[in-house]
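Peer 1: As listed in Swiss-Prot for this protein:
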type     : residues                                               : note
ACT_SITE : GLU91                                                  : active site, proton acceptor
ACT_SITE : CYS340                                                 : active site, S-methylcysteine intermediate
BINDING  : CYS112, CYS116, CYS119                                 : [4Fe-4S] cluster binding site
BINDING  : GLY164, GLU165, SER196, SER219, LEU220, HIS221, ASN295 : S-adenosyl-L-methionine binding site
DISULFID : CYS105-CYS340                                          : disulfide bond
DOMAIN   : 98-335                                                 : domain 'Radical SAM core'
Amino acid sequence: MVDILNLTFEELETFLVEKLGEKKFRARQIWQWLWNKYVRDFDQMTNVSKQTRAQLKEHARIFWPEVVTTSKSQDGTTKFLLRLADGALVETVLIPGSQGRITQCLSCQVGCAMGCTFCATGTLGFERNMTMSEILGQVLVAREYLNDVAERPILRNLVFMGMGEPLLNLDEIMRSLHTLNSELGLQFSPRRITVSTCGVNPEGLRRLGESGLAYLAVSLHAPTQELRRTIMPKAARWELNDFIEALQSYPLKTRERITFEYLLLGGVNDSLEHAKQLVRLVSRTKAKLNLIVYNPSGDEADPYAAPTEERILAFEQYLWSKHVTAIIRKSKGADIKAACGQLKAAETGGTPCCAQND
């Protein structure tokens, strides 16, 4: 039984011709029903013959992730706990911006292998990669949900900043990006998609850059290799200087810059000396910085705390004084554990990690 949402347009054409004996033109019809009209049942495809629909039901399935729980924050953030076909749980978050625009934070793996010490997802360990249909199923769930909201907000931006490291699931990420960008698919411009990476896969970074299918964000969080090795032990396997050198040759569009994400941890990476080191590092690239304040887990064993307001502002002001664009990003959804670093999918609670506004 074929997961039809896991087929690219070209793969769908091949499936219809070789498996079902259909003409190629059927692919466009079926594709539009799947990705533009969001149908869940082949019988809803009214311009497809009954015979073809019967064959589709026999040989294929349309599977959307099951919404287990929906949580709504006081700030308007919405979090979905989703169950995949094999029972695995992941989360996705809708973050409200201005003028009714919504940013969706997407997961790409069940669990995460990176083990970053400040991120709840890191405690889960890695279970498996998500498929294209599972990744894009999050978008289908979001669009269906938003269509039923009275204000009809617009799903404008997608950020791969949820569970998992995108460049460790590169093949499915690339397949997903092609479908997202397709005029026949979900019709998202590359300028509305951001892929975030810890920097663990040089070949993946090269392929993503050459594709031009998304903007790049870098989960940096430390200005030196030594500190990065302490708080992001697996990400630090790629030497920071080598990573920055790779970013120097990363292809950027006109006026495009690489976004560096920097989570401020009180007493760990938030001093003036850290700010100076950070300036020396990121000034080697076309960069802008998103400063994200740590969200305490509430666990007594949590080794980290948020910096003081004074230290946050001093850090930001130093960056600006050295002509480095830096924005303090407000993490939304903390009251439902949907803020940065809180992602830990579970039926008893849990959540993803974004601090992205439109």
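Cβ coordinates come from backbone N, Cα and C, glycine included.
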Peer 1: Hey, what's the Cβ neighbour count for ASN295 (S-adenosyl-L-methionine binding site) at 10 Å?
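Peer 2: Around ASN295 (S-adenosyl-L-methionine binding site), other Cβ atoms within 10 Å: 22.
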Peer 1: Going by Cα-Cα distance, pick out whichever of the recorded positions GLU91, CYS105, CYS112, CYS116 is nearest to GLY164 (S-adenosyl-L-methionine binding site).
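Peer 2: Spatially nearest to GLY164 (S-adenosyl-L-methionine binding site) by Cα position is CYS112.
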Peer 1: Using DSSP reduced to three states, classify CYS112 ([4Fe-4S] cluster binding site) as helix, strand or coil.
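Peer 2: Looking at the DSSP assignment, CYS112 ([4Fe-4S] cluster binding site) belongs to neither helix nor strand, so coil.
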Peer 1: Determine the C-alpha span of the S-adenosyl-L-methionine site listed in the record, that is the greatest distance between any two of GLY164, GLU165, SER196, SER219, LEU220, HIS221, ASN295, in Å to the nearest whole number.
Peer 2: 20
Peer 1: Give me the CA-CA distance between SER196 (S-adenosyl-L-methionine binding site) and CYS105 (disulfide bond), in Å, as a whole number.
Peer 2: 11
Peer 1: Considering the recorded positions CYS105, CYS112, CYS116, CYS119, LEU220, which residue's Cβ sits among the greatest number of other Cβ atoms within 10 Å?
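Peer 2: Compared across CYS105, CYS112, CYS116, CYS119, LEU220, the most Cβ atoms within 10 Å surround CYS105.
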Peer 1: Out of GLU91, CYS105, CYS112, CYS116, the recorded positions in the record, which is closest to LEU220 (S-adenosyl-L-methionine binding site) when you go by Cα distance?
Peer 2: CYS116
Peer 1: State the three-class DSSP label for SER196 (S-adenosyl-L-methionine binding site), counting H, G and I as helix, E and B as strand, and everything else as coil.
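Peer 2: In the DSSP reduction, SER196 (S-adenosyl-L-methionine binding site) maps to strand.
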Peer 1: Pop the Cα-Cα gap between CYS116 ([4Fe-4S] cluster binding site) and SER219 (S-adenosyl-L-methionine binding site) into the table, whole Å please.
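Peer 2: Counting only the Cα atoms, the answer is 11 Å.
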Peer 1: Limited to the domain 'Radical SAM core' (98-335), I'd like the whole-number average of pLDDT.
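Peer 2: Looking only at the domain 'Radical SAM core' (98-335), pLDDT averages out to 93.
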